[in-house]
Amino acid sequence: MELGLILGYHAVLFIAHAAAYIYDCKYIVTNETETVFTYRGYGGKFKYLTNWNFIIQTVYFGLCVANDLCGSNVRPSGRGERCRLQRWRDNFLATVVFPLGMFVVLTFWGIYAIDRELVYPKALDKVIPSWLNHIMHTTILPFLLVDKFLVYHQYPSRKAGFVTIMSLALLYLTWILWVAYYANIWVYPILKVLQPHQKVVFILAMLVLFVFLYLLGEFINKTIWGEERSHAQKKKKKSS
């Protein structure tokens, strides 16, 4: 029953994300000759963090489905070892999927609340349907929180977690700076209006936010599963 619920949840989200991403690639363009690789100039849609996150969330839920069908869902109190698929799923969620997903939601709606033209100009309302906008920028949060309640994820060491999430952040930062230098395109209007020293402060603040969101994911995981994990550890000590 529980496994069926988990599999059903992951399968629905994988199908929904995959279908929405295909729709986005095929129909969300500014003219008939544009493609996902040429959308709004150099780098296409791959210059947007939202697109990176869209792909990552879809891959994650696909990995969850594969693990539900062929792998393991070992809980703290369960017996047996986590299979390779579960280890991959847990590490991917902890170090990339959760912090990146939360980052996209918080930064998008935070900047949107201040001045939407800096992140999502009103003209895009005519191009991107509201349901697609919410899949890309809103529903990530509740979907991942429910996933954390349904499935136990064993977090890696903090060192490994920080190295992974910061490597991803610096990779994307390097990419958008290259796009700005090579094609004179600032991916996000907010970066265009900031002065150089303000850009540095803004970027550093975003990197700190990435670290905070990793720690938040770890804290949520401990809050949900900490008691069961503690009981399991005590039981193992008694039996040994």
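Each Cβ is built from the backbone N, Cα and C atoms, and glycine gets one as well.
Quantities reported herein were computed from a predicted structural model and do not represent experimental measurements.
The transmembrane segment annotation in TrEMBL covers 91-111, 131-150, 162-181, 201-220.
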Most Cβ pairs under 8 Å to the transmembrane segment (201-220), of 91-111, 131-150, 162-181, goes to 91-111
Non-local residues, at least 6 beyond the ends, that sit with Cβ under 8 Å of the transmembrane segment (91-111): 49-50, 52-53, 56-57, 60, 63, 118-120, 136-138, 140-141, 144, 147-148, 153, 155-156, 160-161, 164-165, 168, 190, 206, 209-210, 213-214, 216-218, 221
Can you name the far-off residues of the same chain, 6+ from the ends of the transmembrane segment (162-181), with a Cβ under 8 Å from a Cβ of it? 42-43, 47, 49, 52, 91, 95-96, 99-100, 187-188, 191, 203, 206-207, 210-211, 214
